[in-house]
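Take a look at the structure set out below.
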Amino acid sequence: MTDFFAGIPQIRYEGEGSSNEFAFRHYNPDEVILGKRMEEHLRFAVAWWHSFAWPGGDPFGGQTFNRPWFGDTLDLAKLKADVAFEMFDILGAPFFCFHDADIRPEGATFAESKRNLEEIVDHIGTRMEGSKTKLLWGTANLFSHRRFMSGAATNPDPDVFAWSAATVKGCMDATMKLGGANYVLWGGREGYETLLNTDLTREAENAGRFLQMVVDYKHKIGFQGTILIEPKPQEPSKHQYDYDVATVYGFLKRFGLEKEVKLNIEQGHAILAGHSFEHELALAASLGILGSIDMNRNDYQSGWDTDQFPHNHPEMALAYYEILRAGGFTTGGTNFDAKIRRQSLDPEDLVLAHVGGMDTCARALKAAARLYEDGSLEAARAARYAGWETPEAQAMLASSLEEIEARVLAEGINPEPRSGRQERLENLWNRFV
């Protein structure tokens, strides 16, 4: 036991009438919604990097947090893990996520970093034995160190490609050893700053081959989890190749991986790409590649990825409605890729940020489930496209342009526009949130 969270009680559900800030008002893990426990719907995960590794810096200032585990030794990494599991237990969090660089100190060589990772993974595995918290996904940090400044899989230097591939192998091994449900790849440096020094064809082909190797290794070691890519349009790169859901799907199709890889979609990244969160979720679901989500929000005025905790439940309800329509999570879940503000220095701030985020998502899920169970929105959607269920419409899809023209002339087809009824549906939505 550490004393970092001393005096903070285990968070329990007390209902909407509770005035206890260290309690859930909406998140009741055992509440059954649409035939499944709320905990199983939401599958919350705590992000190791923002919660325990982030020093509180921003582009204009450095560290504001003074955590007792900050440092570059294995003993401090183990202390960080001990503190992390204490918070997982306080929250009753079912899952966590990590990058390799979050949990182990960087070594002077690849071999030393590999040994450090293996040792800390053993320590985390021991902590997991006494906790309900499991691993939602692991990943490799292929963007922070200066060696990755020109990319990892897309780097012009083959040695960086090699280092990156070896790093991913080790992280996949660690994820499998800890029983992870997924493995994520995020290409923060897989992009370019200027076309003047960039070979787009080579970089795309190398990225595709890299991903094929990842999938091959997954099958070789018998990893039963899902491989996920996380789209983001820019930041830190000027232009990233995994721009959004549509772009990544095209990439997967190009390299024959659309049946092997799904997506981890982040709210903040969707906004940066000029989309709504629900758009990206709905599109991924329609393409069969919706895997998991990173839950956060951006400051809509700042123009960059602020990774704040969610607090707008009507907005989140739109997202969870699309997840419910898609059948819910299988191996995926709701990872809080969110960080407290750099002025929020206290241990209580870290816990309460997660309490608020979990309550916001639970409230959103309940609203989405009520509307989904009511069926009115789906009925309106079906009615709008009902004409396509007729034999004539189905026959038209199997015919040719010449045959369709002949039918239009013969039947004198002259369609009149029909209302999309958007305002009615928005009013319907508001009744449930």
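Keep in mind that glycine also has a Cβ here, set from the backbone N, Cα and C atoms.
For the recorded site, His99 (active site), the DSSP three-state label reads strand. Under the heading active site, Swiss-Prot lists His99 (among others).
Within 10 Å of the Cβ of Asp102 (active site) there are 22 other Cβ atoms, across all protein chains. The active site annotation in Swiss-Prot covers Asp102 (among others).
Cβ neighbours of Asp337 (Mg(2+) 1 binding site) (same chain, under 8 Å, six or more residues apart in sequence): Ala47, His50, Glu266, Gly268, Asp294, Met295, Asn296, Asp307. Positions annotated as Mg(2+) 1 binding site by Swiss-Prot, on the basis of sequence analysis: Glu230, Glu266, Asp294, Asp337.
As annotated by Swiss-Prot, Mg(2+) 2 binding site applies to Glu266, His269, Asp305, Asp307, with the evidence given as sequence analysis.
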Around the Mg(2+) 1 site formed by Glu230, Glu266, Asp294, Asp337, which additional residues qualify by having Cβ within 8 Å of the site's Cβ center?
Trp186, Lys232, Asn264, Ile265, Gln267, Gly268, His269, Ile293, Met295, Asn296, Asn335
Between Glu230 (Mg(2+) 1 binding site) and His99 (active site): CA-CA distance (Å):
14
Determine which residues of the same chain, besides Glu266, His269, Asp305, Asp307, have their CB within 8 A of the center of the CB atoms at the recorded Mg(2+) 2 site, and list them by sequence.
Lys232, Gln267, Gly268, Ile271, Leu272, Asp294, Asn296, Asn298, Asp337
By the count of other Cβ atoms within 10 Å, pick out the sparsest of the recorded positions His99, His269.
His99
Distance check, please: Cα of His269 (Mg(2+) 2 binding site) against Cα of Glu230 (Mg(2+) 1 binding site), rounded to an integer number of angstrom.
9
